[in-house]
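According to Swiss-Prot, the protein carries these features:
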type	residues	note
BINDING	60, 65, 111, 112, 125	S-adenosyl-L-methionine binding site
């Protein structure tokens, strides 16, 4: 899917950087200093999605990578960010408000504690192994859902017998799974 960045993307990125720096000084939620690499990594995953999702879930959203950047470039997608850590959820809310991202809902809980709903896309970045991600997202996907997991070098070992397409960019491996392959 070819995505066009919104006109105010650079301003939003600058504002996000300020939010992260300010919040991080007090709460130490991440150790990333180079946002450009994180942004590129976050957006790279969209190259492997062929249809525009209406509803998306990000599991373990942390400091907002990749979810905040994906929400910026997919403004018509309703994003549900699940983050059980209260400090990190507070940061996500702070960033959402400052960036005026009306397409984001923050859930300060584990996904498995939420009432299920079906998403078109489920993302996660380095939270846990792929089978565990699928297990905890049970009830949130159907045969049409796509899973886009931002993984590292052990992704093939994690997948086991699960069917997935793996795309590589530098050190990152993106695992794309289809709901009909995991249902």
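Quick reminder: no glycine exception, Cβ is built from N, Cα and C everywhere.
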CB contacts for residue 112 (S-adenosyl-L-methionine binding site) [other CB atoms within 10 A, all chains]: 15
For S-adenosyl-L-methionine: widest Cα to Cα gap among 60, 65, 111, 112, 125 in Å: 20
Cβ neighbours of residue 111 (S-adenosyl-L-methionine binding site) where a neighbour is any other Cβ within 10 Å: 23
For residue 112 (S-adenosyl-L-methionine binding site), the three-state class that DSSP assigns: helix
Coarse DSSP state, helix versus strand versus coil, of residue 125 (S-adenosyl-L-methionine binding site): strand
